[in-house]
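Trainee: Take a look at this one; I'll ask things after.
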Amino acid sequence: MLKLYNFLTRQVEEFKPFDKLRANGRFSYEVGLYTCGPTVYDYVHIGNWRTFVFEDILKRVLKFNDYKVKHVMNVTDIDDKIIKRANAEKVEFREITNRYEKAFFEDLEKLNILKADKYPRATDYFTSMIRIIEVLLKKGTAYKGDDGIYFAVDKFKDYGKLSGLEKRQLKKGARVNDDLYDKENWSDFALWKFPSTRSARSGQALKEPSWEAPFGRGRPGWHIECSAMSMAELGETFDPFGKLRVNGEHGRTIDIHTGGVDLLFPHHENEIAQSEGATGKKFVNYWMEGEHLLVDGEKMSKSLNNFYRLDDVEKKGFEPLALRYLFLTAHYRSKLNFTWKSLEAAANALNNLREEISNWEDPGKSGWIGCAGFENNFKEAIGDDLNMPRALAVMWDLVKSDLPTKPKHQSIFIMDRVLGLGLDQIKPAKLPEGAKQMIEEREELRREGKFGESDRLRKELLEMGVAVEDTPQGSKWKVLKINPKIKK
């Protein structure tokens, strides 16, 4: 059983996908998963990467439980921040978005994050956005102001159900044009923004990009972008006449929508309002949010200028998978305080894990045995709202067990389908030249009772990077890889 915490209901629930499909005469389930992706105005920091790794774990767990997953991660390539950055650098906005989108996908691969099925860009979905806005205007849930089209929050009775806001806090008639604002200032929000300068309205020397729409030239607000893209790819859209149509096999309600907890309000709250306000139907069944990564006890963010990029991690001598391991040590709904010492501990743990596995017997391609008890415990852990700290503990219990290494190796491969640590890429350890003869000579010395000489050989082997342990079953050896930071 897979149980997930739903921020909408504020409780852990058994996961039940929306779509039941018939495939090859049997029923199967397909999951529609939407992820709020990067806003490509700057490099993604490691706090963002913590969220993306959590979402990757979720996807891997769904696949581990034999669900077919259609994963859509958007790329926000037009918003206030992008325009501000483009104006500051005096370049066209696409020069900004192309630069940082390229960097994002390069880092995505370094962290071994599975690719989404589709990466829609906001600027490719203007038609979908415009149709949603037209429906909202027709229903009276949106209205035209002097600087844009706004969603009338008081017209949507369920506003606040995700973030816990109460409508009595609403200042009737107040409007906010910015994409980001706090709970204390919530009010009607922008769906479509008219050009903010006189020259832009005349179509000359545009300081911000704008596009034609039936209700006036402008550009979308941030929140309508995600509604349009997620509905177009996983849910429902509107035809030119304002009628709903189901898209593909999913249709109707999206199974899971994810993001960082900082997107809970206003972004995700507003997505629900405008989507359900337009369709009259439930937008998403499960809302999942990843907690903050802290640095020195404070939220890591670009606004506080206390953030690190993946590039900073690599410059310190750590490989990206060490950072991924660190993220796995905390539950996704718990805050994680980042320090260089904690990253070094994670790197050492990953190094030790690789060291152990490199000395194991090859798992082989046939005669699969595995360690069923450990595999079941691992599945229970990941099925308990993605409890990765517990899953890691199960994995280490397996590693330290006295079971034969071949079935352990097989089970580790099974677990790494979720962990994503690249453990199937570990090459078998090779003894240094002359070490095999020294090990055999040492065994002979022990049989002859010459323990002083055998201890001398043990020390020499250790200096060569080979650790020898004497057990009741005989001597065991393993090749050590002394490299605590695991630098590539």
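Even glycines carry a Cβ here, placed using N, Cα and C.
These came from TrEMBL, pasted as-is:
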BINDING   Cys36, Cys226, His267, Glu271  Zn(2+) binding site
BINDING   Lys302  ATP binding site
DOMAIN    30-347  domain 'tRNA synthetases class I catalytic'
DOMAIN    430-477  domain 'Cysteinyl-tRNA ligase anticodon binding'
MOTIF     38-48  motif ''HIGH' region'
MOTIF     299-303  motif ''KMSKS' region'
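Thinking about packing and proximity, how do these listed features fit into the structure?
Mentor: Annotation note: Glu271 (Zn(2+) binding site) sits in a helical segment as assigned by DSSP. Cβ neighbour count for Glu271 (Zn(2+) binding site) (all protein chains, 10 Å cutoff from its Cβ): 28.
DSSP assigns Lys302 (ATP binding site) to coil in the three-state reduction, placing it in neither a helix nor a strand. The Cβ of Lys302 (ATP binding site) lies under 8 Å from the Cβ of Asp42, His45, each of which sits 6+ residues away along the same chain.
Beyond the ends of the motif ''HIGH' region' (38-48), by six or more residues, the same chain brings 75-77, 79, 81-82, 84-85, 96-97, 99-101, 103-104, 107, 222, 260, 292-293, 299-302, 307-313, 323, 338 to within a C-beta distance below 8 angstroms of the stretch.
Below 8 angstroms of C-beta separation, residues 42, 45-47, 262, 292-293, 338 of the same chain, each at least six residues beyond the ends of the motif ''KMSKS' region' (299-303), sit close to that stretch.
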Trainee: Indicate whether Cys226 (Zn(2+) binding site) is helix, strand or coil by DSSP.
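Mentor: Helix, per DSSP.
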Trainee: By a simple count of other Cβ atoms within 10 Å, which of Cys36, Cys226, the binding-site residues in the record, is least packed?
Mentor: Cys36
Trainee: Name them in sequence order: residues not among Cys36, Cys226, His267, Glu271 whose Cβ is within 8 Å of the mean position of the Cβ atoms defining the Zn(2+) site.
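Mentor: Not counting the recorded site residues, we get Trp222, His223, Glu225, Ser227, Ser230, His257, Gly259, Leu263, His268, Asn270.
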Trainee: How many neighbouring Cβ atoms, not counting its own, are there within 10 Å of the Cβ of His267 (Zn(2+) binding site)?
Mentor: 20
Trainee: Could you please provide the mean pLDDT value for the domain 'tRNA synthetases class I catalytic' (30-347)?
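Mentor: A mean pLDDT of 89 is what the predicted model shows over the domain 'tRNA synthetases class I catalytic' (30-347).
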